[in-house]
Amino acid sequence: MAVLYITIFIVLLDQITKFIVKGGTIPLLNIHVQGMDYGSSINVIGDFFKITFVENPGLAFGIDVNETSKLLLSIFTLIATIGIFYYLYKSRNEKLIVRISIALILGGAIGNLIDRTFYGVFYGYAPIFYGKVVDFLNFDFIDFTILGRTYERFPIFNIADSSVTIGVIMLILFHHSKEKEKVESELSNNTLVEIKNEIDTENVSIEKESNDENSNRKED
């Protein structure tokens, strides 16, 4: 499954960018990155696009959860990731666009799973499965309200979130296109069947008329 290279690329890109933003030390590789101060921002395109370091302890859009829910969320993410990988394997004979979509979703799922599972242990602030997801992509889109909360800026997200979103959108668009092709194919097949039935009916009618004429000639 060559599309797994896409998954690997997304995971590496996601984790490298998070490591640069959060910082840390890898003694084995003699790597040390200072990182950003929590909550600090770097303007990239004025106020429209910033790199802002925050951590998400719970669900999407910064919705916090209690400790038990956090553990369940991490375990659910792990199970979902395994399910996505299995789905990708089952779809190995599907069109390339489908496999790419699933590979993007899988890469994003693994990226955030690493945060939730190992970051607490790696950075020494929580046991396994209790880590926080690092977010840093900060865009100023239109204000909107979701689950009773109003956001003046789009919730800060990361590469993994983007990969999942793009993959899901691609999958939905392709599914719609595939269903349309399926309907058109069925209509085409039905039309061919109807034409064949009409031809068969006409052939039977012609054959019957021919037999009747031959019978009349014999009687004469």
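Each Cβ is built from the backbone N, Cα and C atoms, and glycine gets one as well.
Curation does not apply to TrEMBL; its annotations are automatic.
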Feature transmembrane segment in TrEMBL, mapped to one of the ranges 1-19, 96-114: 96-114
Residue with minimal Cβ packing [other Cβ atoms within 10 Å] among the active-site residues D135, D161: D161
Integer Å distance between the CA atoms belonging to D161 (active site) and D135 (active site): 9
